[in-house]
Amino acid sequence: MESSLGQDSIPGFGSFDKSRVLDIRPLRRLVPVFPSASNNSSFSTPLGAASFVCASPAGPFPPGVAPFFPFFISSESQRPLEQNLQTPSGVCRENPISNAIPINSFTTPPPSTAGVTPNQYTGTSNGDTTPLRRITRSRVQPQPESGVTEDDGFSMSVIDAEKTRKVGRPKGKFQSQKRTRGGQDINVALPDVDIDAIVDNVHTSFTNTFSQTDGDKESVGYALICYDLLRRRISQTEEMKEGIPGVSKTGRSDLRAGTLFMNKGIRTNSKKRIGPVPGVDVGDIFFFRMELCLVGLHAPTMGGIDYMGVKNSSDEEPLALSIVSSGGYEDYVQGGNELIYSGQGGNASNDNRKDKEIKDQKLERGNLALEKSLHRGNDVRVIRGVKDVSNPTGKVYVYDGLYKIHESWVDKGKSGGNVFKYRLVRLPGQPEAFTVWKSIEQWKETKTTRVGLILPDLTSGAENIPVSLVDDVDGEKGPAHFTYIPSLKYSKPVNRTEPTAGCNCTGGCLPSNSNCPCIKKNGGYLPYTANGLLVNQKSLLHECGPSCKCPPNCRNRVSQGGLKIRLEVFKTKDKGWGLRSWDPIRAGAFLCEYAGEALNVSGIEKLGDDCADDYSFDANRTCQPLGVLPGDSNETPNVPFPLLINANTAGNVARFMNHSCSPNVFWQPVLRENKNESDLHIAFYAVGHIPPMTELTYDYGMLPHEKAYQRKKICLCGSIKCRSFFY
């Protein structure tokens, strides 16, 4: 009798009877198997015991299986099969797709852009300013921010503002998540930040105040301050996402903020022009290439040459408008007033790649524009990129004024290809800019004798960084004698109404740790960015203090580390002694605190008028708040108790800062956690970017009319908003 076919039986070829009903399982129950490899024991198991193996579209692929378009086998996926299939039976191995491009990432090609500047961010042609979505890399130099890599320009398509307008969580003020650090669960709260509201608020204020196409000093300054405030706010919220599962960061804050501003039209000098740019002064500094674009100084966010088409008698020819020399090419500085500038293209950039094919530069686009400007003789704006002392891998962009191209030639570059060279000479009669930086480098490196130097270190070692005392005006030998102290001294403790125990962040306060009591007191945010910039002005800032367990380098102790920039006390022409910096200062950077002796409210009346006016600080004075973004403080400083500081006999560099009705520095009350005592300090921060050797000033504020000891003085700040007096 013929034996029955079992579920594991396989009939021989040609012996199968179609009339019989087979005992088989449904198709979905079959065990998948790949063809056996001759030398691989992993695939030589019986049919019923084969392991389930899943191959990703990018490989690795067992014998007999091939990739399909648009995927391909990378070198990583072609390693021996036994190295890729070390997975338990029944588990699908997830292999990363290293070089494959998702099909849904392909988009419709943009319209033809013949004649468009390849490295241009703004415009469908050289003179237009409509935002594009695709940028071509050229003459680029990386510019990271402390701890965060930040390029000079785009490394990918410009971020779509409509998809990245929201930061934080969509619902509710706080969305809590948990993450683990060192085996300990940390509750993470993400405060909701409405980027739409921020940008719309800035746009309304900007258009209502500055409606003209051409900029001026006020509109340029306002645009830059708002831009950096938004950039810092985005950085603040992005840092809270670090290490949170399922929450991804949305990219670089400088590009996001710039894209949002450009799409809203929050910019000045949108029309290209030859020569000076209204509202931009020689010597102004910028920390991001996007800032150059927002104020109309240099349109390409990556390209080193900006140009436009200019009609002549018979045709239209490109003329160079501005160049950025930041070390990416073989540029050569000849003194402080000449520059040998290398053209773009080819492989002349200093990227140190040895496998590149030698390519000559071509006389086209920016190179052609420079050649035409040589013959036309038009002025060219020069922006120089210099090393950022606070971030050795970063750049500071200095507007060095107008130059003319005197000659051009072709030379061999380091890579062996032909490179166009252009010699530019600075026009005379302009304020010093880059030459100031060169002088400061000599003062620091070679300790060249400073003109008018009285003391190399006014602090006598009380600060980590020396403070020079200089008089190159009238030969005065220095201010009246005082004792230098780096911080505020309380003669007797001030009891707190609400006791505090400080935080327990032994490793330092983290932006995403919403359990930290110091962060809670700051509205759920760490008030400083990763590189120590204050995000926005607050009515009262809470820092960690003696009662906290975090280390001295905690990010919430910025104002306690002493001076971080090289300052100089100098003699002014008409305002006595003043204060300025050798280093460039970023917006939001901490400068110093107001040191001296803390007095009670009645103590200042006993000092006398001269001391009260010249070397004292009254925290009860009111100033116009600087907040321009939603969520910023619109209140006057919230001082928990009357604080008066006398720096007549003992103080620090802050006592030399003069008043201005349009200041570049603002003061901020800072309360440090100190057991049951009120440890209040006054810290100073930069309003915007401040170039080296620029006088540092703040608004002394207004006193209540009932103050019996108030006295007006004539204001000599020279601002267009000058009130003509100060207290």
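Cβ from N, Cα, C; glycine included.
Caution: TrEMBL annotation is automatic and unverified by curators.
Note that the coordinates shown come from a computational prediction; the quantities given were computed from them, not determined experimentally.
Residues or ranges marked as domain 'YDG' in TrEMBL: 275-426. The domain 'Pre-SET' annotation in TrEMBL covers 501-562. If you look up TrEMBL, you'll see 565-701 marked as domain 'SET'. Look at TrEMBL and you will find 711-727 tagged as domain 'Post-SET'.
Beyond the domain 'Post-SET' (711-727), the same-chain residues lying 6 or more positions past its ends with a Cβ under 8 Å from any Cβ of the stretch are 218, 574-575, 609, 613, 621, 658-662, 697, 699-703. The residues of the domain 'Pre-SET' (501-562), classed with DSSP into helix (H, G, I), strand (E, B) and coil, number 8 helix, 5 strand, 49 coil.
Per-residue confidence over the domain 'Pre-SET' (501-562) averages 93 (mean pLDDT, predicted model). For the domain 'Post-SET' (711-727), the DSSP-based tally of helix, strand and coil residues reads 0 helix, 4 strand, 13 coil.
Secondary structure of the domain 'SET' (565-701) per DSSP (helix as H, G, I; strand as E, B; remaining residues coil): 14 helix, 54 strand, 69 coil.
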